[in-house]
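A.B. asks: Have a look at the structure that comes next, please.
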Amino acid sequence: MLKRLQVKNFRCLEDIDLPLGPLTAIVGPNGAGKTTILRAIDLVLGDVWPSLRSFRIPQDFINFDTTRAIEITVHFDPPYTQGSFNITAFRLTCKGEDADFHVDLEPLDEGGNVPRYPSGNPLRVGTDMRNHARVLFLDHRRNLAQHLPSIRGSILGRLLQPVRREFKLQDNFKQVYEQAMDLLRTEQVKQIEKTIAETAKQMLGFLGKDAMKSMEIGFGFADPANPFNSLRLQYRESDLTLPGDELGLGIQSAIVVGIFEAFRQLGEKIGTVIIEEPEMYLHPQAQRYFYRLLCEMADKDQCQIIYSTHSPIFADVNRFEALRLVRKDRDDRVVVSYVREEDKSALDNVRNRFKLGGRFDTARNEVLFAKRALLVEGYGDRVAALQLFNQLEVDPDAECIAVVDCGGKAGIELIVGVCKALDIPFVVVHDEDVWPIDERADEETRRKQEQENKAEQEKNQRIQACAGAERVFVVQPSLEAALGIGRNASDKPYRIAEILKTVDVGQPPDALRPFVEAIRQVTRPMEE
(Lines of atoms letter the chains of each structure in order from A and count residues from 1; the text may use other names and numbers.)
(Lines give C-alpha, C1' and ligand atoms only; values in the text may rest on other atoms or scores of the structure.)
Protein backbone atom coordinates (compact mmCIF):
# COMPACT_ATOMS: atom_id res chain seq x y z
CA MET A 1 0.00 0.00 0.00
CA LEU A 2 1.20 3.50 -0.78
CA LYS A 3 1.72 5.48 2.43
CA ARG A 4 2.95 8.92 1.44
CA LEU A 5 3.51 11.17 -1.57
CA GLN A 6 6.02 14.01 -1.81
CA VAL A 7 6.17 16.21 -4.91
CA LYS A 8 8.43 19.15 -5.72
CA ASN A 9 8.33 21.45 -8.75
CA PHE A 10 6.01 19.28 -10.88
CA ARG A 11 3.51 21.37 -12.84
CA CYS A 12 1.56 23.41 -10.25
CA LEU A 13 2.93 21.43 -7.27
CA GLU A 14 5.82 23.36 -5.78
CA ASP A 15 6.17 21.37 -2.57
CA ILE A 16 3.48 19.06 -1.17
CA ASP A 17 3.61 16.18 1.28
CA LEU A 18 0.46 14.15 1.89
CA PRO A 19 -0.30 10.83 3.58
CA LEU A 20 -2.18 8.14 1.68
CA GLY A 21 -4.59 5.67 3.29
CA PRO A 22 -6.57 2.60 2.24
CA LEU A 23 -9.16 5.03 0.82
CA THR A 24 -8.00 8.51 -0.19
CA ALA A 25 -10.35 11.11 -1.70
CA ILE A 26 -8.65 14.13 -3.25
CA VAL A 27 -11.11 17.03 -3.47
CA GLY A 28 -10.87 20.69 -4.33
CA PRO A 29 -11.77 23.33 -6.92
CA ASN A 30 -10.92 23.15 -10.60
CA GLY A 31 -7.29 23.94 -11.37
CA ALA A 32 -6.09 23.26 -7.82
CA GLY A 33 -3.85 20.32 -8.77
CA LYS A 34 -5.90 17.20 -8.03
CA THR A 35 -5.19 15.50 -11.35
CA THR A 36 -1.52 16.49 -11.13
CA ILE A 37 -1.26 14.59 -7.84
CA LEU A 38 -2.67 11.46 -9.47
CA ARG A 39 -0.41 11.88 -12.50
CA ALA A 40 2.62 12.19 -10.24
CA ILE A 41 1.91 8.77 -8.70
CA ASP A 42 1.24 7.30 -12.14
CA LEU A 43 4.56 8.63 -13.47
CA VAL A 44 6.48 6.73 -10.80
CA LEU A 45 4.43 3.53 -10.58
CA GLY A 46 2.08 3.39 -13.56
CA ASP A 47 1.96 1.18 -16.63
CA VAL A 48 4.75 3.03 -18.49
CA TRP A 49 8.30 2.94 -17.20
CA PRO A 50 9.32 6.56 -16.46
CA SER A 51 11.74 8.10 -18.93
CA LEU A 52 12.52 11.48 -20.43
CA ARG A 53 9.64 10.94 -22.84
CA SER A 54 7.29 10.82 -19.84
CA PHE A 55 7.80 14.54 -19.30
CA ARG A 56 6.88 17.62 -21.29
CA ILE A 57 9.74 20.08 -21.16
CA PRO A 58 9.45 22.83 -20.05
CA GLN A 59 5.66 22.54 -19.41
CA ASP A 60 5.98 19.97 -16.60
CA PHE A 61 8.37 22.16 -14.62
CA ILE A 62 6.78 24.59 -12.20
CA ASN A 63 6.38 28.00 -13.84
CA PHE A 64 8.25 26.47 -16.83
CA ASP A 65 11.43 26.92 -14.77
CA THR A 66 13.75 24.07 -15.79
CA THR A 67 16.41 25.12 -13.27
CA ARG A 68 14.22 23.67 -10.49
CA ALA A 69 14.42 19.88 -10.58
CA ILE A 70 11.23 17.83 -10.54
CA GLU A 71 11.24 15.36 -7.65
CA ILE A 72 8.46 12.84 -6.93
CA THR A 73 8.83 10.41 -4.02
CA VAL A 74 6.30 7.66 -3.29
CA HIS A 75 6.55 5.72 -0.01
CA PHE A 76 5.02 2.27 0.42
CA ASP A 77 4.54 -0.51 2.95
CA PRO A 78 5.41 -3.36 3.26
CA PRO A 79 8.95 -2.70 2.05
CA TYR A 80 10.55 -4.54 -0.85
CA THR A 81 13.39 -6.75 0.32
CA GLN A 82 16.38 -7.47 -1.90
CA GLY A 83 19.19 -9.21 -0.08
CA SER A 84 20.01 -7.09 2.94
CA PHE A 85 18.23 -4.05 1.50
CA ASN A 86 14.75 -2.93 2.58
CA ILE A 87 13.26 -0.53 0.04
CA THR A 88 10.42 1.69 1.30
CA ALA A 89 10.16 4.35 -1.42
CA PHE A 90 10.97 5.28 -5.01
CA ARG A 91 12.22 8.73 -6.02
CA LEU A 92 11.78 9.99 -9.57
CA THR A 93 13.74 13.07 -10.64
CA CYS A 94 13.91 15.03 -13.86
CA LYS A 95 16.59 17.68 -14.10
CA GLY A 96 19.24 19.14 -16.33
CA GLU A 97 20.38 22.33 -17.96
CA ASP A 98 21.05 23.69 -21.44
CA ALA A 99 18.61 21.18 -22.96
CA ASP A 100 20.57 18.27 -21.47
CA PHE A 101 17.94 16.65 -19.27
CA HIS A 102 17.92 13.22 -17.67
CA VAL A 103 15.52 11.16 -15.58
CA ASP A 104 16.45 8.94 -12.63
CA LEU A 105 14.29 6.43 -10.75
CA GLU A 106 15.99 5.50 -7.48
CA PRO A 107 15.12 3.15 -4.61
CA LEU A 108 15.21 4.57 -1.08
CA ASP A 109 15.68 2.81 2.25
CA GLU A 110 14.05 3.66 5.59
CA GLY A 111 16.45 6.57 6.04
CA GLY A 112 15.62 8.08 2.65
CA ASN A 113 18.97 7.09 1.16
CA VAL A 114 19.84 5.14 -1.98
CA PRO A 115 21.28 1.79 -0.78
CA ARG A 116 24.75 0.89 -2.00
CA TYR A 117 26.56 -2.37 -2.47
CA PRO A 118 29.89 -2.91 -0.66
CA SER A 119 31.59 -1.93 -3.92
CA GLY A 120 29.97 1.50 -3.66
CA ASN A 121 27.65 1.02 -6.62
CA PRO A 122 24.05 2.15 -6.02
CA LEU A 123 21.14 -0.27 -6.03
CA ARG A 124 18.98 0.15 -9.12
CA VAL A 125 15.20 -0.17 -9.54
CA GLY A 126 14.34 -3.31 -11.50
CA THR A 127 11.05 -4.53 -12.90
CA ASP A 128 10.27 -6.85 -9.97
CA MET A 129 11.08 -4.11 -7.48
CA ARG A 130 8.85 -1.56 -9.22
CA ASN A 131 6.03 -4.09 -9.62
CA HIS A 132 6.00 -4.47 -5.83
CA ALA A 133 4.21 -1.09 -5.56
CA ARG A 134 2.81 -0.74 -9.05
CA VAL A 135 -0.51 1.08 -9.53
CA LEU A 136 -3.39 0.85 -11.97
CA PHE A 137 -4.47 4.30 -13.20
CA LEU A 138 -7.96 4.88 -14.62
CA ASP A 139 -8.24 8.31 -16.18
CA HIS A 140 -11.44 10.25 -16.81
CA ARG A 141 -11.98 8.78 -20.28
CA ARG A 142 -13.21 5.41 -18.90
CA ASN A 143 -12.14 3.65 -22.09
CA LEU A 144 -12.69 -0.10 -21.76
CA ALA A 145 -9.49 -0.65 -23.72
CA GLN A 146 -7.63 0.29 -20.51
CA HIS A 147 -9.00 -2.81 -18.80
CA LEU A 148 -8.59 -5.53 -21.41
CA PRO A 149 -6.30 -8.50 -20.61
CA SER A 150 -3.82 -7.45 -23.29
CA ILE A 151 -3.00 -4.33 -21.25
CA ARG A 152 -0.24 -5.02 -18.75
CA GLY A 153 -1.52 -4.83 -15.18
CA SER A 154 -5.17 -4.32 -16.17
CA ILE A 155 -7.98 -5.45 -13.89
CA LEU A 156 -9.28 -8.07 -16.31
CA GLY A 157 -5.73 -9.28 -16.89
CA ARG A 158 -5.35 -9.92 -13.16
CA LEU A 159 -8.80 -11.47 -12.88
CA LEU A 160 -8.03 -13.92 -15.66
CA GLN A 161 -4.62 -15.07 -14.41
CA PRO A 162 -6.07 -18.20 -12.74
CA VAL A 163 -8.27 -18.72 -15.80
CA ARG A 164 -5.18 -18.89 -18.02
CA ARG A 165 -3.81 -21.67 -15.84
CA GLU A 166 -7.16 -23.45 -16.00
CA PHE A 167 -7.25 -23.16 -19.77
CA LYS A 168 -3.77 -24.62 -20.23
CA LEU A 169 -5.21 -27.94 -19.07
CA GLN A 170 -7.41 -28.02 -22.18
CA ASP A 171 -5.01 -29.66 -24.66
CA ASN A 172 -7.41 -30.12 -27.57
CA PHE A 173 -8.00 -26.44 -28.34
CA LYS A 174 -5.92 -26.40 -31.50
CA GLN A 175 -7.47 -29.63 -32.77
CA VAL A 176 -11.13 -28.65 -32.76
CA TYR A 177 -11.80 -24.97 -33.40
CA GLU A 178 -15.58 -25.41 -33.15
CA GLN A 179 -15.18 -26.53 -29.55
CA ALA A 180 -12.66 -23.85 -28.73
CA MET A 181 -15.07 -21.12 -27.71
CA ASP A 182 -16.83 -23.44 -25.25
CA LEU A 183 -13.48 -24.50 -23.84
CA LEU A 184 -12.49 -20.88 -23.36
CA ARG A 185 -15.61 -20.24 -21.35
CA THR A 186 -14.39 -21.93 -18.19
CA GLU A 187 -16.48 -21.66 -15.04
CA GLN A 188 -14.46 -18.71 -13.79
CA VAL A 189 -14.78 -16.87 -17.11
CA LYS A 190 -18.54 -17.43 -16.97
CA GLN A 191 -18.73 -16.15 -13.40
CA ILE A 192 -16.70 -13.03 -14.22
CA GLU A 193 -18.81 -12.43 -17.33
CA LYS A 194 -22.06 -12.84 -15.38
CA THR A 195 -21.00 -10.46 -12.61
CA ILE A 196 -19.84 -7.75 -15.02
CA ALA A 197 -23.01 -8.07 -17.09
CA GLU A 198 -25.41 -7.99 -14.13
CA THR A 199 -23.68 -5.03 -12.49
CA ALA A 200 -23.46 -3.06 -15.72
CA LYS A 201 -27.16 -3.67 -16.37
CA GLN A 202 -27.92 -2.52 -12.85
CA MET A 203 -25.93 0.67 -13.48
CA LEU A 204 -27.85 1.21 -16.72
CA GLY A 205 -31.22 0.46 -15.12
CA PHE A 206 -32.46 3.98 -15.70
CA LEU A 207 -32.93 3.02 -19.36
CA GLY A 208 -35.91 0.87 -18.32
CA LYS A 209 -36.60 -2.86 -18.01
CA ASP A 210 -37.61 -3.27 -21.65
CA ALA A 211 -34.27 -1.93 -22.82
CA MET A 212 -32.46 -4.27 -20.44
CA LYS A 213 -34.19 -7.35 -21.87
CA SER A 214 -32.70 -6.80 -25.32
CA MET A 215 -29.20 -6.04 -24.05
CA GLU A 216 -26.37 -8.49 -23.35
CA ILE A 217 -22.83 -7.86 -22.14
CA GLY A 218 -20.29 -10.64 -22.43
CA PHE A 219 -16.86 -11.75 -23.55
CA GLY A 220 -15.70 -12.24 -27.10
CA PHE A 221 -12.36 -13.56 -28.34
CA ALA A 222 -10.90 -11.54 -31.21
CA ASP A 223 -8.05 -13.99 -31.91
CA PRO A 224 -8.66 -17.69 -31.13
CA ALA A 225 -4.93 -18.38 -31.51
CA ASN A 226 -4.19 -16.03 -28.62
CA PRO A 227 -7.46 -16.19 -26.69
CA PHE A 228 -6.91 -14.47 -23.39
CA ASN A 229 -4.77 -11.61 -24.64
CA SER A 230 -7.43 -10.92 -27.28
CA LEU A 231 -10.43 -11.30 -24.96
CA ARG A 232 -12.69 -8.27 -25.08
CA LEU A 233 -16.02 -7.23 -23.63
CA GLN A 234 -18.84 -7.10 -26.15
CA TYR A 235 -22.22 -5.42 -26.12
CA ARG A 236 -25.06 -7.20 -27.85
CA GLU A 237 -28.45 -5.63 -28.50
CA SER A 238 -30.95 -7.34 -30.82
CA ASP A 239 -28.82 -8.72 -33.68
CA LEU A 240 -26.03 -6.17 -33.33
CA THR A 241 -22.72 -7.02 -31.61
CA LEU A 242 -20.23 -4.24 -30.84
CA PRO A 243 -16.86 -4.20 -29.03
CA GLY A 244 -17.32 -2.55 -25.65
CA ASP A 245 -14.77 0.15 -26.40
CA GLU A 246 -16.91 1.36 -29.32
CA LEU A 247 -19.82 2.22 -27.03
CA GLY A 248 -20.77 5.49 -25.39
CA LEU A 249 -18.79 6.48 -22.32
CA GLY A 250 -21.81 6.02 -20.05
CA ILE A 251 -22.15 2.34 -20.98
CA GLN A 252 -18.38 1.84 -20.81
CA SER A 253 -18.35 3.38 -17.31
CA ALA A 254 -21.13 1.01 -16.22
CA ILE A 255 -19.13 -1.96 -17.49
CA VAL A 256 -16.04 -0.70 -15.63
CA VAL A 257 -18.10 -0.71 -12.40
CA GLY A 258 -19.05 -4.30 -13.25
CA ILE A 259 -15.37 -5.23 -13.52
CA PHE A 260 -14.75 -3.84 -10.02
CA GLU A 261 -17.77 -5.76 -8.69
CA ALA A 262 -16.35 -8.98 -10.18
CA PHE A 263 -13.12 -8.34 -8.31
CA ARG A 264 -15.00 -7.71 -5.06
CA GLN A 265 -17.06 -10.89 -5.34
CA LEU A 266 -14.07 -13.06 -6.20
CA GLY A 267 -12.11 -11.61 -3.28
CA GLU A 268 -9.05 -10.96 -5.43
CA LYS A 269 -6.44 -8.41 -4.35
CA ILE A 270 -5.57 -5.71 -6.87
CA GLY A 271 -2.99 -3.55 -5.14
CA THR A 272 -3.43 0.20 -5.64
CA VAL A 273 -6.02 1.64 -8.02
CA ILE A 274 -6.01 5.35 -8.90
CA ILE A 275 -9.21 6.75 -10.39
CA GLU A 276 -9.70 10.17 -11.89
CA GLU A 277 -13.24 11.34 -11.12
CA PRO A 278 -15.01 7.98 -10.55
CA GLU A 279 -18.37 9.75 -10.89
CA MET A 280 -17.82 10.47 -14.58
CA TYR A 281 -20.64 9.31 -16.90
CA LEU A 282 -22.60 7.67 -14.04
CA HIS A 283 -26.03 8.81 -12.89
CA PRO A 284 -26.41 9.54 -9.12
CA GLN A 285 -27.70 6.09 -8.11
CA ALA A 286 -24.84 4.44 -9.99
CA GLN A 287 -22.39 6.83 -8.34
CA ARG A 288 -23.61 5.81 -4.88
CA TYR A 289 -23.34 2.13 -5.79
CA PHE A 290 -19.80 2.57 -7.13
CA TYR A 291 -18.76 4.58 -4.06
CA ARG A 292 -20.03 1.90 -1.67
CA LEU A 293 -18.25 -0.72 -3.77
CA LEU A 294 -14.92 1.13 -3.58
CA CYS A 295 -15.31 1.68 0.18
CA GLU A 296 -16.04 -2.00 0.76
CA MET A 297 -13.02 -3.10 -1.28
CA ALA A 298 -10.77 -0.70 0.65
CA ASP A 299 -12.24 -1.70 4.03
CA LYS A 300 -11.70 -5.40 3.26
CA ASP A 301 -8.10 -4.76 2.17
CA GLN A 302 -8.78 -5.99 -1.37
CA CYS A 303 -7.12 -2.89 -2.73
CA GLN A 304 -6.06 0.65 -1.99
CA ILE A 305 -8.24 3.28 -3.69
CA ILE A 306 -6.98 6.79 -4.44
CA TYR A 307 -9.23 9.09 -6.44
CA SER A 308 -10.00 12.71 -7.28
CA THR A 309 -13.59 13.91 -7.34
CA HIS A 310 -16.00 16.82 -7.76
CA SER A 311 -18.95 14.78 -6.51
CA PRO A 312 -20.42 15.15 -2.99
CA ILE A 313 -21.25 11.45 -3.22
CA PHE A 314 -17.57 10.47 -3.36
CA ALA A 315 -16.42 13.20 -0.93
CA ASP A 316 -17.90 12.07 2.37
CA VAL A 317 -17.48 14.03 5.62
CA ASN A 318 -18.34 10.85 7.53
CA ARG A 319 -15.11 9.36 6.16
CA PHE A 320 -13.10 12.40 7.19
CA GLU A 321 -9.89 10.39 7.53
CA ALA A 322 -9.93 9.77 3.77
CA LEU A 323 -10.24 13.42 2.72
CA ARG A 324 -7.40 15.47 1.21
CA LEU A 325 -8.49 19.01 0.34
CA VAL A 326 -6.34 20.60 -2.38
CA ARG A 327 -6.42 24.38 -2.86
CA LYS A 328 -4.21 27.32 -3.75
CA ASP A 329 -3.21 29.83 -1.08
CA ARG A 330 -2.93 33.59 -1.48
CA ASP A 331 0.50 33.20 -3.04
CA ASP A 332 -0.97 30.81 -5.65
CA ARG A 333 0.85 27.82 -4.15
CA VAL A 334 -0.91 24.46 -3.88
CA VAL A 335 -1.57 23.37 -0.30
CA VAL A 336 -3.16 20.16 0.95
CA SER A 337 -5.26 20.00 4.13
CA TYR A 338 -6.34 16.83 5.93
CA VAL A 339 -7.36 15.56 9.36
CA ARG A 340 -4.22 15.05 11.42
CA GLU A 341 -3.66 11.91 13.45
CA GLU A 342 -3.98 13.78 16.74
CA ASP A 343 -7.47 15.01 15.77
CA LYS A 344 -8.93 11.73 14.54
CA SER A 345 -9.89 10.31 17.94
CA ALA A 346 -11.99 13.33 18.94
CA LEU A 347 -13.72 13.43 15.55
CA ASP A 348 -14.37 9.71 15.74
CA ASN A 349 -16.16 10.18 19.07
CA VAL A 350 -18.34 12.89 17.53
CA ARG A 351 -19.09 10.71 14.52
CA ASN A 352 -20.30 7.94 16.81
CA ARG A 353 -22.79 10.36 18.43
CA PHE A 354 -24.10 11.48 15.05
CA LYS A 355 -27.68 10.45 14.23
CA LEU A 356 -27.66 7.46 11.90
CA GLY A 357 -30.06 9.05 9.40
CA GLY A 358 -27.80 12.05 8.97
CA ARG A 359 -24.94 9.92 7.74
CA PHE A 360 -26.66 9.20 4.45
CA ASP A 361 -27.34 12.79 3.36
CA THR A 362 -24.74 13.62 0.72
CA ALA A 363 -25.92 17.25 0.46
CA ARG A 364 -23.87 18.22 3.51
CA ASN A 365 -20.74 16.99 1.75
CA GLU A 366 -20.95 20.13 -0.40
CA VAL A 367 -19.14 21.89 2.43
CA LEU A 368 -15.95 20.31 1.10
CA PHE A 369 -16.25 22.27 -2.15
CA ALA A 370 -17.13 25.65 -0.60
CA LYS A 371 -15.00 28.69 0.13
CA ARG A 372 -17.12 29.41 3.21
CA ALA A 373 -19.85 27.53 5.05
CA LEU A 374 -22.90 28.39 7.12
CA LEU A 375 -23.62 25.41 9.38
CA VAL A 376 -27.21 25.10 10.57
CA GLU A 377 -28.97 22.57 12.74
CA GLY A 378 -31.75 21.23 10.52
CA TYR A 379 -33.79 21.51 7.35
CA GLY A 380 -36.01 24.33 8.62
CA ASP A 381 -32.92 26.35 9.53
CA ARG A 382 -31.53 25.83 6.03
CA VAL A 383 -34.79 27.06 4.50
CA ALA A 384 -34.59 30.13 6.75
CA ALA A 385 -30.99 30.81 5.77
CA LEU A 386 -31.70 30.59 2.05
CA GLN A 387 -34.71 32.89 2.42
CA LEU A 388 -32.64 35.45 4.34
CA PHE A 389 -29.82 35.26 1.77
CA ASN A 390 -32.40 36.07 -0.87
CA GLN A 391 -33.73 39.05 1.07
CA LEU A 392 -30.18 40.31 1.61
CA GLU A 393 -29.68 39.99 -2.17
CA VAL A 394 -26.77 37.57 -1.76
CA ASP A 395 -26.45 34.50 -3.99
CA PRO A 396 -24.67 31.86 -1.86
CA ASP A 397 -23.89 29.72 -4.90
CA ALA A 398 -22.26 32.64 -6.72
CA GLU A 399 -20.23 33.39 -3.58
CA CYS A 400 -19.34 29.69 -3.18
CA ILE A 401 -21.01 29.58 0.24
CA ALA A 402 -22.40 26.23 1.36
CA VAL A 403 -25.50 26.30 3.57
CA VAL A 404 -25.23 22.98 5.36
CA ASP A 405 -28.02 21.16 7.19
CA CYS A 406 -25.89 19.29 9.71
CA GLY A 407 -28.67 16.96 10.87
CA GLY A 408 -28.62 18.02 14.52
CA LYS A 409 -26.15 19.42 17.03
CA ALA A 410 -23.95 16.32 16.98
CA GLY A 411 -23.73 16.82 13.24
CA ILE A 412 -22.64 20.42 13.77
CA GLU A 413 -19.78 19.19 15.96
CA LEU A 414 -18.67 16.75 13.27
CA ILE A 415 -18.82 19.26 10.40
CA VAL A 416 -17.07 21.91 12.51
CA GLY A 417 -14.26 19.46 13.25
CA VAL A 418 -13.87 18.62 9.56
CA CYS A 419 -13.97 22.31 8.56
CA LYS A 420 -11.28 23.19 11.09
CA ALA A 421 -9.08 20.29 10.02
CA LEU A 422 -9.43 21.22 6.34
CA ASP A 423 -9.18 24.99 6.91
CA ILE A 424 -12.66 25.74 5.57
CA PRO A 425 -13.96 29.05 7.03
CA PHE A 426 -17.36 28.62 8.69
CA VAL A 427 -20.07 30.19 10.84
CA VAL A 428 -22.53 28.26 13.03
CA VAL A 429 -26.11 29.20 13.89
CA HIS A 430 -28.30 26.98 16.06
CA ASP A 431 -31.17 27.06 18.53
CA GLU A 432 -30.48 27.28 22.25
CA ASP A 433 -33.35 24.84 22.93
CA VAL A 434 -33.42 25.72 26.64
CA TRP A 435 -37.00 26.29 27.72
CA PRO A 436 -38.60 27.66 30.92
CA ILE A 437 -39.69 24.97 33.35
CA ASP A 438 -43.45 24.63 33.63
CA GLU A 439 -43.98 25.10 37.36
CA ARG A 440 -47.57 23.90 37.05
CA ALA A 441 -46.45 20.48 35.81
CA ASP A 442 -46.01 17.48 38.08
CA GLU A 443 -42.61 16.66 39.56
CA GLU A 444 -41.75 13.95 37.03
CA THR A 445 -42.50 16.25 34.08
CA ARG A 446 -40.44 19.08 35.59
CA ARG A 447 -37.54 16.69 36.19
CA LYS A 448 -37.72 15.56 32.57
CA GLN A 449 -37.72 19.18 31.36
CA GLU A 450 -34.71 19.95 33.53
CA GLN A 451 -32.84 16.95 32.14
CA GLU A 452 -33.66 17.98 28.57
CA ASN A 453 -32.45 21.53 29.23
CA LYS A 454 -29.25 20.24 30.79
CA ALA A 455 -28.60 17.96 27.81
CA GLU A 456 -29.12 20.88 25.39
CA GLN A 457 -26.83 23.13 27.43
CA GLU A 458 -24.10 20.50 27.27
CA LYS A 459 -24.51 20.23 23.48
CA ASN A 460 -24.36 24.01 23.16
CA GLN A 461 -21.20 24.15 25.24
CA ARG A 462 -19.54 21.47 23.11
CA ILE A 463 -20.36 23.37 19.92
CA GLN A 464 -18.97 26.61 21.34
CA ALA A 465 -15.86 24.83 22.58
CA CYS A 466 -15.06 23.22 19.23
CA ALA A 467 -16.12 26.11 16.97
CA GLY A 468 -15.06 29.11 19.03
CA ALA A 469 -17.48 31.65 20.49
CA GLU A 470 -16.76 34.20 17.75
CA ARG A 471 -18.13 31.83 15.10
CA VAL A 472 -21.30 30.71 16.91
CA PHE A 473 -24.66 32.50 16.83
CA VAL A 474 -27.48 31.20 19.04
CA VAL A 475 -31.20 31.85 18.56
CA GLN A 476 -33.06 31.87 21.89
CA PRO A 477 -34.90 29.71 22.61
CA SER A 478 -35.42 28.60 18.99
CA LEU A 479 -35.97 29.88 15.47
CA GLU A 480 -39.59 28.73 15.53
CA ALA A 481 -40.24 30.58 18.79
CA ALA A 482 -38.58 33.72 17.39
CA LEU A 483 -41.07 33.59 14.51
CA GLY A 484 -44.08 32.76 16.67
CA ILE A 485 -44.39 29.16 15.47
CA GLY A 486 -45.40 26.56 18.06
CA ARG A 487 -43.04 23.74 19.03
CA ASN A 488 -45.52 21.13 17.82
CA ALA A 489 -46.67 22.97 14.70
CA SER A 490 -46.88 21.09 11.41
CA ASP A 491 -45.19 22.10 8.14
CA LYS A 492 -42.59 24.21 9.94
CA PRO A 493 -40.26 24.84 6.94
CA TYR A 494 -43.11 26.33 4.89
CA ARG A 495 -44.25 28.52 7.78
CA ILE A 496 -40.68 29.67 8.42
CA ALA A 497 -40.23 30.75 4.78
CA GLU A 498 -43.57 32.55 4.62
CA ILE A 499 -43.04 34.50 7.85
CA LEU A 500 -39.47 35.46 6.94
CA LYS A 501 -40.70 37.07 3.72
CA THR A 502 -42.32 39.74 5.89
CA VAL A 503 -39.21 40.41 8.02
CA ASP A 504 -37.22 43.61 7.53
CA VAL A 505 -33.66 42.22 7.44
CA GLY A 506 -32.32 45.74 7.94
CA GLN A 507 -34.00 45.88 11.34
CA PRO A 508 -34.83 42.30 12.32
CA PRO A 509 -36.58 41.44 15.60
CA ASP A 510 -34.14 40.98 18.48
CA ALA A 511 -34.87 37.25 18.72
CA LEU A 512 -34.01 36.79 15.04
CA ARG A 513 -30.97 39.08 15.00
CA PRO A 514 -28.38 36.29 15.71
CA PHE A 515 -29.53 34.40 12.60
CA VAL A 516 -29.28 37.50 10.39
CA GLU A 517 -25.88 38.39 11.84
CA ALA A 518 -24.60 34.87 11.16
CA ILE A 519 -25.53 35.27 7.50
CA ARG A 520 -23.93 38.71 7.31
CA GLN A 521 -20.71 37.34 8.80
CA VAL A 522 -20.43 34.39 6.43
CA THR A 523 -20.83 36.72 3.43
CA ARG A 524 -17.78 38.75 4.49
CA PRO A 525 -14.23 37.64 3.61
CA MET A 526 -13.06 35.24 6.31
CA GLU A 527 -9.64 34.01 7.36
CA GLU A 528 -9.01 30.32 6.73
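The backbone N, Cα and C atoms fix where each Cβ goes, glycine too.
Since the structure is predicted, the reported quantities are computational estimates derived from the model, not experimental observations.
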A.B. asks: Among Asp361, Asp381, Asp395, which residue does Swiss-Prot name as a further divalent metal cation 2 binder in the site formed by Ser478, Glu480?
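C.D. replies: The candidate from Asp361, Asp381, Asp395 that Swiss-Prot ties to divalent metal cation 2 along with Ser478, Glu480 is Asp381.
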A.B. asks: Out of Glu366, Glu377, Glu393, Glu498, which is the one Swiss-Prot records at the divalent metal cation 1 site of Asp431, Asp433?
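C.D. replies: The record-listed residue among the candidates is Glu377.
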A.B. asks: Taking DSSP as the reference, which of helix, strand or coil describes Lys34 (ATP binding site)?
C.D. replies: helix
A.B. asks: For Asp431 (divalent metal cation 1 binding site), just count the other CB atoms lying within 10 A of its CB, please.
C.D. replies: 23
A.B. asks: Using all protein chains in view, find how many other C-beta atoms are within 10 Å of the C-beta of Thr35 (ATP binding site).
C.D. replies: 19
A.B. asks: Taking the Cβ of Ala32 (ATP binding site) as centre, how many other Cβ atoms lie within 10 Å?
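C.D. replies: Ala32 (ATP binding site) is surrounded by 20 other Cβ atoms within 10 Å.
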A.B. asks: Rounded to the nearest Å, what's the C-alpha distance separating Lys34 (ATP binding site) and Asp433 (divalent metal cation 1 binding site)? Just drop the number here, would you?
C.D. replies: 42
A.B. asks: Between Asp431 (divalent metal cation 1 binding site) and Thr35 (ATP binding site), find the distance joining the two CA atoms and give it rounded to the nearest Å.
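C.D. replies: The Cα atom of Asp431 (divalent metal cation 1 binding site) is 41 Å away from the Cα atom of Thr35 (ATP binding site).
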A.B. asks: Let me know how many other Cβ atoms fall within 10 Å of the Cβ of Arg487 (active site, stabilizes transition state or protonates leaving group).
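C.D. replies: The Cβ of Arg487 (active site, stabilizes transition state or protonates leaving group) has 11 Cβ neighbours within 10 Å.
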A.B. asks: With the divalent metal cation 1 site defined by Glu377, Asp431, Asp433, which remaining residues of that chain have Cβ atoms positioned within 8 Å of the Cβ centroid?
C.D. replies: Gly378, Asp381, Lys409, His430, Glu432, Glu456, Val475, Ser478, Leu479
